[in-house]
Amino acid sequence: MKKFFSVNDITDLHTIVKEAITLKKTPQQNNHLGKGKTIGLVFLNSSLRTRLSTQKAAQNLGLHTIILNANQEAWTWEFEDGAIMNGNTVEHVKDAANVLSQYCDIIGIRCFASLTNKEEDITEKVYTLFEKYAKVPVVSLESATLHPFQSLADCITIEEHLPKNKKPKVVLTWAPHIKAIPHAVGNSFAQWMNQTDYDFVITHPVGYELDTKFTQNAVIEYNQEKALENADFVYVKNWSSFQDYGKVIPVEEDWMLTNDKLRGTNNAKIMHCLPVRRNVEISDEVLDSENSLVYQQANNRTYAAQIVLQKILENHE
Amino acid sequence: MKKFFSVNDITDLHTIVKEAITLKKTPQQNNHLGKGKTIGLVFLNSSLRTRLSTQKAAQNLGLHTIILNANQEAWTWEFEDGAIMNGNTVEHVKDAANVLSQYCDIIGIRCFASLTNKEEDITEKVYTLFEKYAKVPVVSLESATLHPFQSLADCITIEEHLPKNKKPKVVLTWAPHIKAIPHAVGNSFAQWMNQTDYDFVITHPVGYELDTKFTQNAVIEYNQEKALENADFVYVKNWSSFQDYGKVIPVEEDWMLTNDKLRGTNNAKIMHCLPVRRNVEISDEVLDSENSLVYQQANNRTYAAQIVLQKILENHE
Amino acid sequence: MKKFFSVNDITDLHTIVKEAITLKKTPQQNNHLGKGKTIGLVFLNSSLRTRLSTQKAAQNLGLHTIILNANQEAWTWEFEDGAIMNGNTVEHVKDAANVLSQYCDIIGIRCFASLTNKEEDITEKVYTLFEKYAKVPVVSLESATLHPFQSLADCITIEEHLPKNKKPKVVLTWAPHIKAIPHAVGNSFAQWMNQTDYDFVITHPVGYELDTKFTQNAVIEYNQEKALENADFVYVKNWSSFQDYGKVIPVEEDWMLTNDKLRGTNNAKIMHCLPVRRNVEISDEVLDSENSLVYQQANNRTYAAQIVLQKILENHE
């Protein structure tokens, strides 16, 4: 593997999920692979799980980690090619990416959607420029439209809890939030689910349709109750409007996931990428129930990162 | 040892102090103990000594360290159980503690007193919730009411400078400051001194009485000059009022420690946890004298942390 | 070597440059030297290259690194001896330097010029005080007047690209900028060039003369076109006025380096310490040309740091 931006960078979803579950048993078995090598983790945005799980994965592989909170610790970046840099930006992404490549064998970068410039977000302007100018493999720590480490961890978590003798029904349900949130987790989960043979249904209020580039021919069901029927896994996530880009469109019905809403499910497992707004997106009773897999998802972030970094270090597919 | 929040988490003060002094001679002798393991250091407040000495201790034990400046690098935490999280907090401490436990074998956390909510501070609301939800051993890097690594380092420093053939007299003296400061260092020092057979006296202006939960039956002497008579160790520290919680009550007399004040002492050694407001809490002449132990205290922070982390890794008492 | 503040701390420039080029071939050959030791990197200002290259150098030597973003993560420092600390500063540099020495075997510190107090900047007040109170070797990560790791990396880069059978002509040319920038890189480059037998010319508008303490008897040529004639290396850098301290004096002519300006050179290589304001200091066409050495300079920062740290660890000259 030479980069990790989306599901398209892996050869086979089922295989990599199985490999991750195997390495989870002896996570430090390959700690010679990163010897003498360095991964740089560049954050343009906040991070808890990604920050820690990627460091943990690197440690398991014997990789040295360098963290850069780029805006606070270094210089504000310019993203326009040909820009006359007489404003607030101090270093061009072209130079930053190239320079980071001098010190790192792999670079991870987190660059959220702006939610103010749809064109720049959907073309992944920031990530794409960084990757273009980097001279070493780049992995996404969440970009404007996708969050592949999260989705791989989600697939690992589902695989570990598959119902027996049954194709699972997985429902991605929109949830309320108080502010505009990017689409990356929703898009990414849809993209990865589309690579499985699971029954996959997306439910959200009218106006909250995700980019069809990622949802493809997934079933969209606007009635949350109907969507949740017989679900084995319910993935809860808020996102802002894609059509009316980055806006929070008022919704009349209550979309918060509660125990009451889960009655029609097949004793569904509950998933969320965290951080979660408790009692806004999901009720405490659901999050704190035995069916909640949210901490297992967080734990699997380590092994999702580790299997990818391992493949990059081995330069295998 | 399974946690380290206060003196109550150690079996015997004298023994652990002796053990720390022994490991100081060959600090890297046990660098296999932490192999493949990770300590997460979570800072909700500023830190210099704690930040560096705990990293140094971890390194000596072969432990990998992950630092998290939680508010700047990750998400603002919610501390109310059952909160409807539609405000400024982004992640519940319940989830943060649980998630951090997925990546760390030990977690240290610093969470200062607010000084605005006495009830929450004295019940150690933040620390207690974090510890409750963490699934791995938690150590305090200073909480609302106590600073146990500092106190253990202080005890080590005193032990290294004990007067011969004499029970030492240790005086904790309040000092002036320009702003409201938490009680943790003062409380904690009193709590640890109460576990020794030293003569222990606390002196401060009227209105600056510490919580009797920690001072117990220590001698309180309001006359600083009298308190300092024949002192072998003078520990200087400011704190705000506990009764009129978090307030700075004006004091007429000059409580700054100067050479003049030390005349009646037994050539006393001077201690302070640092950072110190020079020429406000203590005069330069005292801090820069040969009797000052402040840098030795800072140095012993490493061995205080290391003996505790070692016991947690060994899971010995 | 026991410290690294300027070119005066090395025995022979040519020798150390050759040694750096040699270690670049097998950078991890001496990774036993730092075993069990710690370097503390203290940043009072932003940093990308220095932050990462020094960590990389430390890693290559087996040194453990502790980073401290002093103002954000710890306490604001006081620099006045004898200060009554009843203001905004929380810890005296005397105490901070001494305490850091308890945990670190080597300390690096970055402290930019204020550009508001010429006397304090030219006397290197901050760096000098820090070094005075530190008990371990201190290396400069850029101080008020000098940037020695950058200059050593620049010398390595020039050595790697020397013209054959010819003494090289090296030109340091001032470039435009939108704000007041310190003199450290310009001063330092001049200081190191003055230790070589290269033809060294400095060109800048009237009013932008650097401190003659560093430029010594270097040729100053106010006509940029004339200065660039037959140049083999053109080092581009902005700095504010030294005479009218820290001011940006308006300049009528266009001093931005473009291909057009390079016509009279000997197919000159282009150098800049980065970050660079593209199309303000240097045009894209120049920076992105094959003659640009800016990324090689960044890469050589690692080996500049590493040879110095190695000599300090070995305590050789």
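Glycine too: its Cβ is placed from the backbone N, Cα and C atoms.
Sequence annotations record features per position, and here TrEMBL assigns carbamoyl phosphate binding site to A:Ser47, A:Leu48, A:Arg49, A:Thr50, A:Trp75, A:Arg110, A:Cys273, A:Leu274, A:Arg301. Proximity of A:Ser47 (carbamoyl phosphate binding site) to non-local residues of its own chain (separation of 6 or more, Cβ distance below 8 Å) is seen for A:Arg110, A:Leu141, A:Glu142, given in sequence order.
Sequence annotations record features per position, and here TrEMBL assigns N(2)-succinyl-L-ornithine binding site to A:Glu142, A:His177, A:Lys237, A:Arg277. Following the DSSP three-state reduction, the secondary structure of A:Glu142 (N(2)-succinyl-L-ornithine binding site) is coil.
What TrEMBL records for A:2-160 is domain 'Aspartate/ornithine carbamoyltransferase carbamoyl-P binding'.
What TrEMBL lists as domain 'Aspartate/ornithine carbamoyltransferase Asp/Orn-binding' is A:185-309. Looking just at the domain 'Aspartate/ornithine carbamoyltransferase Asp/Orn-binding' (A:185-309), the mean pLDDT is 98.
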Between A:Trp75 (carbamoyl phosphate binding site) and A:Lys237 (N(2)-succinyl-L-ornithine binding site): CA-CA distance (Å): 33
Alpha-carbon spacing, A:Arg301 (carbamoyl phosphate binding site) to A:Arg277 (N(2)-succinyl-L-ornithine binding site), which is rounded to whole Å: 20
Candidates from A:Trp75, A:Glu142, A:Lys237, A:Arg277, A:Arg301 close to chain C, where binding-site residues are judged by Cβ under 8 Å: A:Trp75
Spatially closest candidate among A:Arg49, A:Trp75, A:Cys273, the listed binding-site residues, to A:His177 (N(2)-succinyl-L-ornithine binding site) (Cα to Cα): A:Cys273
Secondary structure content of the domain 'Aspartate/ornithine carbamoyltransferase Asp/Orn-binding' (A:185-309), with strand meaning DSSP E or B: 41 helix, 19 strand, 65 coil
Which of A:Arg49, A:His177, A:Arg277, the listed binding-site residues, has fewest other Cβ atoms within 10 Å: A:His177
Rounded inter-Cα distance in Å - A:Arg49 (carbamoyl phosphate binding site), A:Arg277 (N(2)-succinyl-L-ornithine binding site): 16
DSSP state at A:His177 (N(2)-succinyl-L-ornithine binding site), helix/strand/coil: coil
Cα-Cα distance, maximum over A:Ser47, A:Leu48, A:Arg49, A:Thr50, A:Trp75, A:Arg110, A:Cys273, A:Leu274, A:Arg301, record's carbamoyl phosphate binders, Å: 30
